[in-house]
Amino acid sequence: MPPNWLPNAWRAWNRRVLEPVSETLKIKEIFLSIQGEADTVGWPTVFVRLSGCPLRCRWCDTAYAFQGGERLTLDAVVARVREYGVRHVTVTGGEPLAQPACLALLTRLADAGFAVSLETSGALDVSGVDPRVVKVMDLKPPTSGEAARNRWENLAFLQPADQVKFVIADRGDYEWSREQLEAHRLAGRCQVLFSPVAGELAPRQLAEWILEDRLPVRFQLQLHKLLWGDQPGR
């Protein structure tokens, strides 16, 4: 048998090491910018970018967030957000929900009075997201290489203020997205956003397709990229 002190030592180590980690997050960057997408486009917004993502989308524009970052407590993250003095906060990644403490951060930010949104890939469970938080959720089309990772059960947890986003690279992606729009009656659940993949599909072409089919979706471009390109932290 192990010594009788061993279980107590294990519990003490667990409290000292594991529990604090569960209340921290690996943060790639926290910065102030203009919201470039979704319903709050144009508003000064603090972005909290979490490190890590289980997906590898072909056209990912934030691959630098897959690794690295600084481990911060939830209190430290909220304090940094407060320093910027603006109301809107977006928690993004990477895939923020890949870190379990993300849910607690979202609630802390909402409790602090911020208008909070979450940008998520749609591949992980969103059922635990605080209902005060606006979910901006991708559905990955075929060219992303990750369409099999779409978690369709998440659609049941969408609220009217939430947004589903399709990032479209070609006509095949467009037709797939249109099929999902109709099959899941997405326009009746929440706002639906169609965006072109930069450098893959001409924005005007996507706009023409939407108009031809009279789709009940919002066409959007990434405003921050028009202003600053792919510069990190903007």
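Keep in mind that glycine also has a Cβ here, set from the backbone N, Cα and C atoms.
Feature annotation from TrEMBL assigns substrate binding site to ILE34, GLN35, GLY36, ARG49, THR92. Summarising the annotation, TrEMBL assigns [4Fe-4S] cluster binding site to CYS53, CYS57, CYS60. Look at TrEMBL and you will find TRP59, CYS60, ASP61, GLY94 tagged as S-adenosyl-L-methionine binding site. Under the heading Mg(2+) binding site, TrEMBL lists THR62. The domain 'Radical SAM core' annotation in TrEMBL covers 40-230.
Shown here: features listed in TrEMBL, placed on the structure.
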residue : record                               : Cβ contacts under 8 Å, 6 or more apart
ARG49   : substrate binding site               : ILE27, LYS28, GLU29, ILE30, PHE31, THR62, ALA65, THR92, GLY93, GLY94
CYS53   : [4Fe-4S] cluster binding site        : CYS60, ALA65, PHE66, GLY93, GLY94, GLU95, ALA98, SER121
CYS57   : [4Fe-4S] cluster binding site        : SER121, LYS140, SER144, GLY145, GLU146
TRP59   : S-adenosyl-L-methionine binding site : THR143, SER144, VAL167, ALA169, VAL197, ALA198, GLU200
ASP61   : S-adenosyl-L-methionine binding site : ALA198, ASP230
What three-state secondary structure does DSSP assign to GLN35 (substrate binding site)?
coil
Centre the Cβ atoms of CYS53, CYS57, CYS60, go out 8 Å, and tell me which other residues of that chain have a Cβ in range of the [4Fe-4S] cluster site.
LEU55, ARG56, THR62, ALA63, PHE66, GLY94, GLU95, SER121, GLU146
Considering all pairs of residues in ILE34, GLN35, GLY36, ARG49, THR92, annotated in the record as contacting substrate, what is the maximal C-alpha distance expressed in whole angstrom?
15
Cβ neighbours within 10 Å, counted over all protein chains: which one of the binding-site residues ILE34, CYS60 has the most?
CYS60
Given the binding-site residues GLY36, GLY94, and counting only Cβ atoms in the protein chains shown, which has the most within 10 Å of its Cβ?
GLY94
